[in-house]
Each structure stands twice: as structure tokens, then as C-alpha cells.
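K.L.:
Attaching a single structure in C-alpha cells format; questions to follow.
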Amino acid sequence: MARYARIALVACLLFACDFATANRWRRQAEDTKKDDNLEVELCKDKDAGEWFRLVAGEGDNCRDVIQCTASGIQAIRCPAGLFFDIEKQTCDWKDAVKNCKLKNKERKIKPLLYTDEPLCQDGFLACGDSTCMERGLFCNGEKDCTDGSDENSCDIDNDPNRAPPCDSSQCILPDCFCSEDGTVIPGDLPAKDVPQMITITFDDAINNNNIELYKEIFNGKRKNPNGCDIKATFFVSHKYTNYSAVQETHKKGHEIAVHSITHNDDEQFWSNATVDDWGREMAGMRVIIEKFANITDNSVVGVRAPYLRVGGNNQFTMMEEQAFLYDSTITAPLSNPPLWPYTMYFRMPHRCHGNLQSCPTRSHAVWEMVMNELDRREDPTNDEYLPGCAMVDSCSNILTGDQFYNFLNHNFDRHYDQNRAPLGLYFHAAWLRNNPEFLEAFLYWIDEILSTHNDVYFTTMTQVIQWVQNPRTISEAKNFEPWREKCAVEGPPACWVPHSCKLTSKEVPGETINLQTCLRCPVNYPWLNDPTGDGRY
């Protein structure tokens, strides 16, 4: 606008416009120049794409934000009932937004990582105040610079100690697998020779609310092409879990993995938790599972964080220290073709997806069972683009059984017809239990897939990794030994009547909680600092 006003003013002066017209153009040019100066002042310290407030406060002030763009300032207003969260940079429910009085995101001092002339000796980097610190102290989770700048530029592109890009000459199966874009098939097998793996997972407690649902899905009649029962992975949280049911689930060949002790409701806790916090939650949960579900074969090796909140390097450092095999928390944005699992020795082959996620940046000896987003469109050829969804029950536009059936078929085809990356179907049991129409469609779809394909296997997550480490063709898969363990398990339950232990813990004051187990009751209800429940803190 300023440019056009100035051009018009010059044209008037050159071609003798009348005095009034020239004055009008002159005033417009001056006003526009003031607007330009104001815009420069507003935008001078803002990051690209950053939203901020002109006026702080509750009510509409907390709904209104603006953004500096190449074409000028743009404004939005959150819908009624929502406020704008300055830190999260998104609209959220009013009660969840605590920063209405802030106009801008907190401005963090950045380290001086890139300068024209070196400021420090080799092996050292400069803090924001030019103080030199050892390179390894940057982005280690602790503020070592006096201005804290060593922890303020730590994403996957800026961490000075970040993992390198994939190097296939160094990353060799069975210990390491990576590809530049994450879509390459392990072993370089042709897609037509790769068995299509499907991983069904359920999160949270196993108890009387969902045991019958699991029995209906995994009824011993649904068989993979190798004649073995279809299998699933259960990410178990502690409170209200029936450990005799966990023991029975494991006995039948399903995988038990950890989903934390507390399932802390504060999502930021998981983003910011220390290595010790993660250890108490996840390694502690494994202790509880192994003791009270009597699992003694060292098979509890998987982790999924509550709310899919990735814990950055701290989470993965804990997993290395505690000898966990894999994580399944990181979400990859919807893509075609989808991504294969990968090891974290090298840089993730996709962006850190999700609002305010804290993805790991360094090299870690851990597998990532990446959660490929699902395409929620019913008819991809005609429907407009919609963002993907990681958990099936977060695909909010699925309203009928027919829609769910079409959704399953479309996402199956996306994987099967392209690079046959494992198809992950991730649930909370209540979504299927509370919607009989969805459950009916799901069971019909499973039965149809098994009856029409001799190259599709419903496997656990560990079984997927075992295949990736040692790729086998469709014809070889029927005799692939890791997929034949606990093939079809019969026999009586571990105990007909489990102990029902009514327990308390000083870590959970004011509550008496029921713990069911085939083993004898502990003294206390197991919790973070007393996972065995024997009272030794």
C-alpha cells in the first residue's frame, strides 16, 4: 500500500495534478509511512509465524492475536468458548489458558552457535553472553550457562550434539535401521514380497471394563496365515489394572508394554520430566507388571508415554539406561507412502510433529515404532484434505460403522499398495466398548482381511522389530520362528480366583485401591517410590 501511494504522489508531481489531489496523495503516503513504521516496530523481535497480542487481559482480549507475515499483519479471533494460549500458540478451552496477561511468548536468550569468527576453542561453544562452555553441556537438560542459553536452542536442527543424518553404510541390520525419508523397506525387499503387518494396540488399565472386549476380539478363532492366533500389544498403566488379567493376556502371546504408573494428567510433566522421573514411571511400572502379573521372560520392553507426550532426550536416555527396546510415542505426519520403524542412532526421518512436542535430538540405542498418522477421509479422491490422526479414537469424523469400515480399508490400501510399512491401529478400549457399531465393523474387517489375504499378519510391536531385523518374504514368513512363539495357547487360567487386595499407600493419601493378582497381596499399594509394595522406600 505504501509503495502504491508513493508512486501516485510522484506521478501527480510529474504530470501536474491539481493542488488538492497532490495534497491528498501526500497525506495518504505520510499515513501509510506511519503504518509501515508501526508494523516494523511491532514485528522487529517476533519469530516467523509467531502469534502475539496487542492488548493483554481476559475476555475478547484473550481471544484476539495478530501475526507478522510477508504480506502484512494478519489477525485472528478464537471461537467463542476458547482463549488463545500464547505459549502453545493455539486456541484452547478457556479454563486451560493461564497466560491471558502475556502479550508475547517468553523471549529466550540464544547461545552464540554461529559467529563470523570463533569465540571459543575447539570443543567449546559460546553462551548468549559469550562465555565459553564445553560442547557436551549444551542441550543436556541442565542450565550451565549463567543466562540459561545453553538450553534455549535445542531442537533437532540446532542442538550442537544432535544425531547425524542417516548413513546406511554405518547403519546395518540387525542392530540399526534408517533411511533418509523413512520409507525404504528393510532388506531392500520388493513390496510385493513383504508380509503386511498390522499392529493393534490398546492403552491404559486392563480390568473388568475391557477384559470381555479383548476376549471377543482375540477369541482364538482369528488366525494369521501361519496358523497362529492374531496378536496385539497392550500399553498398561497401573491404577485399577487387574494383574491376573495381565498375566492371562501375556500367557496367550500378546505383548505387555508400559504406559506409566501415575498416568500424570499434566501433559507438560511428560514433556519436561527428568531422566529419574521417567525411570520411576516406566521402569517402576515394569517392576510392578513383572511382579504382580508374574512375567519372568524379560518381554516387557516397550514404552508409550501418556497423551503421546514425547519426553525428548530424557525419555530416551532413560530407555537406554533401563534396557527398553522401543518407544511408540512419536507421531509422523500423514504421508504417502507411510514410514517404517527406525532406530534412533540417526536423525529422525520426519519432522517433530505435534503441538509443543519435545522430540529427542541426540543419538539413542532405541527403536522407534513410529505412529504413522491415519487418513481420516472417507473418499480420498473427492474429500478435501483433512489432517491425519494417530489414535483411531481421535479421528473425530468417524460417526458410523460404515464410515469406520471404509476408513480401515482405505488406510490398509495406503500401506498394502505402497511400501507395506506396518499399519498401526491404536485404541483406547472404551471407544470400541461404547460403540457396538464400531466394534462390529472392526471385527468384520479383521475377518475379511484374514479370509482374503494370505500375506497379512496381526502382530505385536516386538514381532515387527524382529521382522525388520531379519526380513523374510511372504513365503518365508509362515515359518518365521519369532512369529510362532505362543502360537495358540490353551489351558486353564493362571488362577481361577485372584487375590483381591485392598491397599493404601502414603504416596496416594486418602485412597484405598483394589489390586488383583494371582500372587499374594503386598503390604502397600505399589507406587512410584515403592513399586514392589513391600514398604521399602
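Placement of Cβ uses the backbone N, Cα and C atoms for every residue, glycine included.
Unlike curated records, TrEMBL annotations are generated automatically.
Pulled these features from TrEMBL for this protein:
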type	residues	note
SIGNAL	1-22	signal peptide
DOMAIN	40-102	domain 'Chitin-binding type-2'
DISULFID	Cys120-Cys132	disulfide bond
DISULFID	Cys127-Cys145	disulfide bond
DISULFID	Cys139-Cys154	disulfide bond
K.L.:
Applying a 10 Å Cβ distance cut-off over all chains shown, what neighbour count does Cys132 (disulfide bond) have?
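P.N.:
A count of 16.
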K.L.:
Give me the Cα-Cα distance between Cys120 (disulfide bond) and Cys139 (disulfide bond), rounded to a whole Å.
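P.N.:
One finds 17 Å between the Cα atoms of these residues.
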K.L.:
From the Cα of Cys139 (disulfide bond) across to the Cα of Cys127 (disulfide bond), what is the distance in angstrom?
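P.N.:
Checking the Cα atoms of Cys127 (disulfide bond) and Cys139 (disulfide bond) gives a distance of 12 Å.
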K.L.:
Long-range neighbours only, meaning 6 or more apart in sequence with Cβ under 8 Å: which ones does Cys139 (disulfide bond) have?
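P.N.:
Those within reach of Cys139 (disulfide bond), by Cβ under 8 Å and sequence separation of 6 or more, are Asp150, Glu151, Ser153, Cys154, Asp159, Pro160, Asn161, Asn313, Thr361, Arg362.
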K.L.:
I'd like to know which of the disulfide-bonded residues Cys120, Cys145 has the most other Cβ atoms within 10 Å of its Cβ.
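P.N.:
The most densely surrounded of these disulfide-bonded residues is Cys145.
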K.L.:
Calculate the per-residue pLDDT averaged over the domain 'Chitin-binding type-2' (40-102) and state the result as an integer.
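P.N.:
A mean pLDDT of 85 is what the predicted model shows over the domain 'Chitin-binding type-2' (40-102).
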K.L.:
If I take the alpha carbons of Cys132 (disulfide bond) and Cys145 (disulfide bond), what is the distance between them in whole Å?
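P.N.:
Their Cα atoms are separated by 9 Å.
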K.L.:
Under the DSSP assignment, what numbers of helix, strand and coil residues are found in the domain 'Chitin-binding type-2' (40-102)?
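P.N.:
Each residue of the domain 'Chitin-binding type-2' (40-102) counted once, the result is 11 helix, 22 strand, 30 coil.
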K.L.:
Judged by the number of other CB atoms within 10 angstroms, which among Cys127, Cys154 is the least packed of the disulfide-bonded residues?
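P.N.:
Each of the disulfide-bonded residues Cys127, Cys154 was scored; lowest Cβ tally within 10 Å is Cys154.
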